[in-house]
Structures are given as structure tokens and as C-alpha cells.
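Notes to accompany the following structure.
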């Protein structure tokens, strides 16, 4: 692992003292630059190779949603026509914020909280992203626990979900695969063995949220095993994650290719692929299609979680993050599109075998991963092999997303306490506490009522509304508080050239409007949470859900009000002090970065900017 080779440069423009904001005019100038002695921030480790960063971003952003959500949305929203709004939102929302988060981390050399030292009044953005990613880390790993459970069961000689002669099966379980075999109402109302395996064996689901029931010990051991994997992937920082992602981020592509080759050779595969791609141009006139496209971008690009900022903070200062952002965006979206061929070739085969329309078997989310796909592979020759391959791929897709999410959370926490940076085993202890705390919360999700708890977290804590709210404020703060032109200058100092102006226009106008528009649509079209469209959550369950959502969304205004309430003086004095604090003309010296910003930078970034100024601002 390489370290940044630099000396301490300590510069300060403004400070917070006893609740009062002191503008730059109260400091002494030295050689034309406002300086004051402060303790240098510790050296920050960097990626051994830049490819470590690329692989980590691929592993984090390319996850389960690319395989189980995008293909279904594409089929549901007009097939190939869905790509029009999807690609449009990539360039209007996805890439601009994806690039913004990576560039912020690289420039400030800080995690999701300290990176907002560029606008301290809005540091609540950092706390909000920490809350969101903590909730994601808590519930997302349950999918990995289920996948690990299915993977273990796939090594049986006969897949346990392919027959009705198991202890968890009911009298209504029917091993029937062809539609024309249904001759009476009793058979038509029967239950598939895969559904009974999922609900009666894996989940052992109760009747509602108010009936948590007993722990599922098998599932709890799977959960523990996955958390142990995550811990040992993250405990040594980017030194360990940078190596592991070479396997976890690339091997799923090998499995996808193998599954595609197998899928296209099955009967009915062509019909499935055509169902996936066949354009329905009338869908473009439906608002829901555009909303689904925009929401999917924010989900699949992992925006608003702070993890991309943490990954970017380990880059070298002069890394071309602009080029990286475009490349990673194309890999992410390309994977989503490619996965659709894999999924619908298999679904086409399953529909053909059952003699039903593909719309009857198309699923998204856990329904695809743990019901539709296992049912499809059970129809294939050598079914356990294909089942094991699929669930191994599912486990890897989720694992790297999970441990990068944990890395982002831990990085933010450790950056808050730089004074104890050299404490022995500091990182290992922080990662252990994070994993243990999440595991304890997860125990509520391995009970008989655990699925209801899981859905609460999934529907509210990291929903489209929370991510869109976060992305909106990120753009507003960077473009209008810190300054879009200033940030473009900072990027130019890092990568050697200014990004195309449309990036600035997106941050300032287009992307915030897109985020707020989709946010309001979600808010106005809010529907109470249900399970399987049958069970309706009680009112207190919805209250818990909204508390999860608001716990991150309120971080931004609450933090802002708290900082303002601590400022002394009349309202007019406070207003002018804030104005000086944020928008002071001396925040920039000629072409150099403002010394107030420098006081909050790492040693490496501060020295890079000092060298830039010494050259007269030449890139």
C-alpha cells in the first residue's frame, strides 16, 4: 500500500469558536496568504493500483438490482423503448452525481462526513448519507444470507424445492409444470413447491409484523457466516478490499456468460428475449415509465450513500476521475442490459415448459431470485449445478456491494476522529463494532416475522425518496453554496483539464430539477406498504417506516438549524457572518483554492494546491 509523500501544510481561513463563526478578516496574513498553525491531518493510504479503485466501484455499484430489477422494469415499461428514458437519465442525473461524489472524495481526501467541510453549514449531508448506508448495510445482507442458504441447499442430490414430499410442504403442494395438465379447480389453486420452500422453510413466515415468532437458527448461522466474510474483507481497509474485488467483481460476469450460453440453447429462450426487447412505443407517454427509469438510475448507481465518496478519497490526487466516472457508468448500465438477456432467456424457457405466457412468470426483486429462477433451474438437466452457479453469482454480486458499503460507513466514522488515527487496531475495532451492531439488528429479520421487518427497511430507509432527497441537496450545496465554477476549477487542478460544461449545468439546474421532480412524484403517489399485495402493514408499522426514512432526511435541515442557532449576534449580524463565511471573495486567492478550504483538506491535497499556486495557477 502506497502512502502520500508530502509534508504538512497548515492553512486556515475561518474557524468555529464558541458557537460563533469568525470570518477570514480576523486572521493575520503571511506572504499574502491567510495562515494559522493547525495540526496536519494524517496521511491517507491510497490504492496500490488504480485498477483496485475501478474494481471496487464496479463491485459496489453493480449489484443485485442490475440482475433482478432492471430486466423486469425494461419488460414492464415497453421493452427496448425503456432504454430511451433510461439513457437520458444516465446523462442528466446518473453520471453527474456519480462523478460529483467521487470527485469530492478525491479532492477532499475524506469520507462521507468530512467531505462536506467545503460547506460546513450543510455537514448534515454527510450524516444523512451515513444513516442511509448504515440501514442499507443492515438489511441488504439478508439477501446474501438467503442466497447463501440456497447455495448450501443446491449441493443436495435433489433440489429441495423441486418436490412436495418434504416436511414443510402442505396438502395443497402440487408438482405440476404444464398448464394443460390443470384439469380442475383444485389443481389450479395448488401451491408450487418452490413457493412453499421459500415461505414455509426459508422464511417460516408468520401472519404479520406483530407476530415475530421464533428465530430461524439455520438462517441465523448463514447470516453470521456472511457477516464474518464481510468483516475479513473490510478489516484491513483498501489493502484487503482492493484485492478481493478482483474476484468478487469479475467472476459474476463469468457466471452470467455461462448462464446466457445455457439459456439461449433452451426451448422458448428466443420468445423470452423478444418479450424483453420488443418495443411498445405507447409506453413513452406514461409518466410511470420515466419515473421508473430515473429511480432505477439512482438505485443502480449507488448514489447518495457516501460510499463512492469514501472510495474516491483513496485515489491519488491527480487521478482522472472524470474518465473513470464515464467508464464505470457504462459498465454499470451495460451489465444491467446484458443481465436482461440472461434472465429472460431462462424465463422464456420456464414459460414454454409450463405452457403459459411469459408475463405469468416474470418477477423482480426477491421473487425473481428465490422463486422464479430456482423454479426455472429445477426444470433443467443437472439442476443442482445450475442452481449452485446462480446462487454463487448472487452471493458475489451482493458481497462486494456489502463490504464496500461497510467500508464507506467505517471510513466516515474514522475520519471524525483523526487524533486517534494511529491507535493500534483502530480500524479493526471499528469494523467489528459496525458488523456486530448490524448483526444484532438483523436478528429481527431471521425470525418468523423477519420478512415484514426486511420490507420495512427496504421500502422506507433506503427508498427512492431518501436517495433523491440526498442527491438533490448534494447538487444544490456543491453548485450554489460552494460554487459550481469553483468546483470545476478544483477538478481541473486534479485532472489537468476542465470537464465539459454540461456537467456544471447539470449540477446547477438539470439534475436538481430531475431529483425533485421524481421525489415529488413518489411523494404524491405514495402507497401504504403491503406484503404480496395481501397483507397490509398496521399503522404503527408505517410510523416505524417513516421514522426510518425521516431519520436520514431530517439530518440536513436539523444540522443546519443547529449550527445557525449556535451563532451569536442579531439575525442581521448572523446573516452577514454566514455570507462572509461561505461567499467571501478572499475564499480564492488569484487562481488558487481558498485557504479556508485548505484548512479542511488532507496534507496531500493541500500540498498539491500549494504547488499549483506556486506555478501561477498553470494546469
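Positions of Cβ are set from backbone N, Cα and C atoms, glycine also.
Counting every protein chain shown, the number of other Cβ atoms lying within 10 Å of the Cβ of residue 401 (Na(+) binding site) is 27. Summarising the annotation, TrEMBL assigns Na(+) binding site to 59, 61, 62, 66, 300, 332, 397, 400, 401.
Annotation comment: TrEMBL describes 164-173 as disulfide bond. Using a 10 Å radius centred on the Cβ of residue 173 (disulfide bond) and all shown protein chains, the other Cβ atoms total 21.
Sequence-distant contacts of the transmembrane segment (53-71) (same chain, at least 6 residues past either end, Cβ-Cβ under 8 Å): 47, 102, 143, 238, 241-242, 245-246, 248-250, 252, 256, 276, 296, 299-302, 307-308, 311-312, 314-315, 319, 324, 327-328, 331-332, 335-337, 339-340, 342-344, 364-366, 368-369, 394, 397-398, 400-401, 404-405. Residues or ranges marked as transmembrane segment by TrEMBL: 53-71 (among others).
Summarising the annotation, TrEMBL assigns transmembrane segment to 83-104 (among others).
For 125-152 (among others), the entry in TrEMBL reads transmembrane segment.
Here TrEMBL flags 214-234 (among others) as transmembrane segment.
Long-range neighbours of the transmembrane segment (246-270) within the same chain, counting only residues 6 or more positions beyond its ends whose Cβ lies under 8 Å from a Cβ of the stretch, are 55-56, 58-59, 62, 67, 335, 338-339, 341-342, 345-346, 348-353, 380, 386, 389-390, 392-393, 396-397, 399-400. Feature annotation from TrEMBL assigns transmembrane segment to 246-270 (among others).
Per TrEMBL, the feature transmembrane segment maps to 290-314 (among others).
Residues annotated as transmembrane segment in TrEMBL: 326-351 (among others).
Sequence annotations record features per position, and here TrEMBL assigns transmembrane segment to 385-417 (among others).
Distant neighbours of the transmembrane segment (429-447): 134, 137-139, 141-142, 145, 206, 212-216, 219-220, 223-224, 227, 230-231, 234-235, 406, 409-410, 413-414, 453-454; these residues of the same chain sit at least 6 beyond its ends, with a Cβ under 8 Å from one of its Cβ atoms. Annotated transmembrane segment per TrEMBL: 429-447 (among others), in sequence order.
Under the heading transmembrane segment, TrEMBL lists 467-484 (among others).
Residues or ranges marked as transmembrane segment by TrEMBL: 505-523 (among others). Below 8 angstroms of C-beta separation, residues 89, 92-93, 96-97, 100, 287, 291, 294-295, 463-465, 468-469, 471-472, 475-476, 478-480, 484, 487 of the same chain, each at least six residues beyond the ends of the transmembrane segment (505-523), sit close to that stretch.
The feature transmembrane segment is assigned by TrEMBL to 543-562 (among others).
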Collapsed DSSP category at residue 62 (Na(+) binding site): coil
Distant-in-sequence neighbours of the transmembrane segment (83-104), which means Cβ under 8 A and at least six residues beyond its ends: 57, 74, 115, 118, 284, 289-290, 293-294, 296-298, 301, 303-304, 306, 308-309, 311-312, 315, 321-322, 324-326, 328-329, 333, 337, 471, 474-475, 478, 487, 490-491, 494, 499, 503, 506-507, 510-511, 514-515
Chain residues outside the transmembrane segment (326-351) and at least six past its termini with a C-beta under 8 angstroms from it: 54, 57-58, 61-62, 66-68, 70-72, 74-75, 83, 86-87, 90, 94-95, 98-99, 253, 256, 259-260, 263-264, 266-273, 275-276, 300-301, 357-358, 360-362, 368, 372-373, 375-377, 379
Cβ contacts under 8 Å made by the transmembrane segment (125-152) with residues that lie 6+ beyond its boundaries: 64, 111-116, 202, 218-219, 222-223, 225-227, 230, 304-307, 309, 366, 369-370, 374, 387-388, 391-392, 394-395, 398-399, 401-402, 405-406, 408-409, 412-413, 434, 438, 441-442, 445-446, 450, 454, 457-458, 461-462, 466-467, 470, 473-474, 477, 548, 551-553, 555-556, 559
Distant-in-sequence neighbours of the transmembrane segment (214-234), which means Cβ under 8 A and at least six residues beyond its ends: 141-142, 144-146, 148-149, 152, 202-204, 240-241, 244, 399, 402-403, 406-407, 410, 431-432, 435, 438-439, 442-443, 446-448, 450
Same chain, 6+ residues apart, C-beta under 8 Å of the C-beta of residue 397 (Na(+) binding site), given in sequence order: 62, 63, 64, 66, 67, 252
Rounded Cα separation (Å) that holds between residue 401 (Na(+) binding site) and residue 164 (disulfide bond): 35
Candidate with sparsest Cβ neighbourhood (10 Å radius) among 62, 164, the listed recorded positions: 164
Within-chain partners of the transmembrane segment (467-484) [C-beta distance under 8 Å, separation at least 6 from its ends]: 93, 96-97, 100-101, 104, 116, 118-119, 121-122, 125, 128-129, 132, 295, 298-299, 303-305, 504, 506-508, 511-512, 515-516, 518-519, 522, 552-553, 556, 582
